[in-house]
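Residues annotated as ATP binding site in Swiss-Prot, with sequence analysis given as evidence: Asp6, Val7, Gly8, Asn9, Thr10, Asn11, Thr12, Val13, Thr128. As annotated by Swiss-Prot, substrate binding site applies to Gly103, Ala104, Asp105, Arg106, Thr180, with the evidence given as sequence analysis. The active site, proton acceptor feature in Swiss-Prot is assigned to Asp105; the stated evidence is sequence analysis. Under the heading K(+) binding site, Swiss-Prot lists Asp125.
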Amino acid sequence: MLLTIDVGNTNTVLGVFDGDQLANSWRVRTDPRATADELGWLYRGLLGDHPIGGVSVCSTVPAALREIRRMVSRTFPAMPTVVVEPGTRTGVPILIDNPKEAGADRIMNTLAAHHLYGGPAIVVDFGTATNIDVVSARGEFLGGAFAPGIEVALDALASRAAQLRNVELTTPRSVIGKSTVEALQSGMIYGVVGQVDALVRRIRAELGTPATTIATGGLAPLVIKESETLDNHEPHLTLIGLRLVFEKNTEPR
């Protein structure tokens, strides 16, 4: 079985693949201060009896990645391991001004989106940031857009407005909020829906083609049911990309 690890700024998602099927997955908080030993103890507890035969990792948090590397070498010694970083063979041409700026998670999403849906495609990843990644018909990474994630926007508003507070992120009864809580929920949910729909429409116009869209990330379910432009939901798109890149780097050439 293959262990895939996607280290994000807020959460780390782990998945275990049996062949090309995702057998199990977990979401835990990312703690850049966690040591390799602590991570090994946590991951072994989650994995239980899953017989791990390889590891594939991507990270947007450099401090966490250092300890993940140590954890893998101690907990899964001598196993085939792929860490996605500049120079890793992904099969994805990166057509931006500085290819080294492209986050590993964005390249994994590009790889998986083209594998599953072909192209052109637009990936919208709802996490700490809302990342929009554009994939060409040939599977090239063309760039995209960043916006604050829903939780980041809510935290910022609650911290700067004296009479506002964090609320549960759920769809309110109506767009017109009848309480402070509902007004916040409306602004957060429908605000992001409008933002994403507007960006997708502009990107499609710039591409000159009705590119398919794929929503992923932990907060995608909140948005996709209200969106007019999000066609598909792949909750584990990044993990699928990690499986594909592992295969590209471990299969005999």
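Including glycine, each Cβ sits where the backbone N, Cα and C put it.
Tell me about the surroundings of these features in the structure.
The local packing around Thr128 (ATP binding site), expressed as other Cβ atoms within 10 Å of its Cβ over all shown chains, amounts to 20.
Of all Cβ atoms in the shown protein chains, 26 besides its own fall within 10 Å of the Cβ of Asp105 (substrate binding site).
Listed in sequence order, Asp105, Arg106, Asn109, Asn131, Ile132, Asp133, Thr216, Gly217, Ala220, Leu237, Thr238 are the same-chain residues at least 6 apart in sequence whose CB falls under 8 Å from the CB of Asp125 (K(+) binding site).
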Compile a sequence-ordered list of residues in the same chain as Ala104 (substrate binding site), six or more apart from it, whose Cβ lies below 8 A from its Cβ; state 'none' when nothing qualifies.
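Correct list: Cys58, Ser59, Thr60, Val84, Glu85.
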Is it possible to get the count of other C-beta atoms within 10 angstroms of the C-beta of Arg106 (substrate binding site)?
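Step by step: centre on the Cβ of Arg106 (substrate binding site), count other Cβ atoms within 10 Å, giving 26.
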Taking Cα atoms as reference points, which of the binding-site residues Gly8, Thr12, Thr128 is nearest to Thr180 (substrate binding site)?
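Out of the listed candidates, the nearest Cα belongs to Thr128.
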Under a three-state reading of DSSP, tell me whether Asp105 (substrate binding site) is helix, strand or coil.
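DSSP call for Asp105 (substrate binding site): helix.
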